[in-house]
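*Asks:* Have a look at this one before I ask anything.
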Amino acid sequence: QSPINIVSYDAKFLRRLPKLKFKPHMEKLKTEVTNHQNRAPEFEPEDGENLYVKLNNLVDGHYKFHNLHVHNGRTRRKGSEHSVNGHFTPMEAHLVFHHDEQTHFEPTRTKLGGAFPGHNDFVVVGVFLEVGDDGFGDEPDDEECKHILKGHHPDNNENGNGDNGNNGYNGDNGNNGDNGNNGYNGDNGNNGVNGNNGYNGDNGNNGDNGNNGYNGDNGNNGDNGNNGENGNNGENGNNGENGHKHGCRVKKAKHLSRILECAYRNDKVREFKKVGEEEGLDVHLTPEMPLPPLKYRHYYTYEGSLTTPPCTESVLWVVQKCHVQVSRRVLHALRNVEGY
């Protein structure tokens, strides 16, 4: 039964697990906000919106985007549903995908050692959300919220322009970084913070300050390589997991934060009282918004259940190792939604 406490040192590393992707990539979805069983507002795609999760070799069949919702708890220290080694975060985002019965592909439940009878009705992607104050700007005013809730986007998003460089400190695909030419956080940038081959280069062999960095997807000594979490140089060693926030860059989800702030502050959403109530806010989302950048989508996967009634036990969970940060205002706004 989900959720669970994930014990990282008991997890088995499998190199053949696929990267988490979506089809079509970076598709903007029109969504409306509904009452998630008096637990959390959820963003559901409008009719005709088709987006599928891609996890080749892990799940067969077509799993269509069903909703995005965020959970939080009574305290900031214990808000996420899942935990890792007993540690929680203030919130947890869930991207829910349901088997598309309109397709001709019958899903099979794929065990890590091969397929077995039965199938998963759902694939749920879980993301640990941290909260922060820096870098999120002033609280959006009513005029900005009105603009956002009509499906418009701010000028600078995760693929836009950053602090001081031409293509952005946090531009997921930007080449140029915070103050320099070759990009601290460019997904495809060749050169990183201190080295020739880049802290965040997808294929860079060298890490932040050392020879064998964690974050080169194809680097020699990454998180799951020769000197990984349980290897000779362990979690706190030169080549271990904790070189930079557990081997991850914590993405500031600025655009998502403003969308959630505005949606949760909306009068009708705040006054949800009945299961099934909905407010037709024309919010445009992409599933990438609450996720870490592509190269940081390392994950734990297990078979469990939905965490809300009917608690169906046919769910493939894909829980991201790397965290994402949203504004503290999101947490406060979500807690003010009536009935939650």
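Any Cβ shown, glycine's included, is placed from N, Cα and C.
Feature annotation from Swiss-Prot assigns domain 'Alpha-carbonic anhydrase' to 1-340. Under the heading region 'Disordered', Swiss-Prot lists 138-249. Annotated compositional bias 'Basic and acidic residues' per Swiss-Prot: 144-156, in sequence order. Annotation comment: Swiss-Prot describes 157-241 as compositional bias 'Low complexity'. Summarising the annotation, Swiss-Prot assigns region '27 X 3 AA approximate tandem repeats of G-X-N' to 162-242. Per Swiss-Prot, the feature substrate binding site maps to Thr307, Thr308.
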*Asks:* Neighbour count first, Cβ atoms within 10 Å, every protein chain included; then name which of Thr307, Thr308 tops the list of binding-site residues.
*Replies:* Thr307
*Asks:* Across the whole of the domain 'Alpha-carbonic anhydrase' (1-340), what does the mean pLDDT come to? Round it, please.
*Replies:* 71
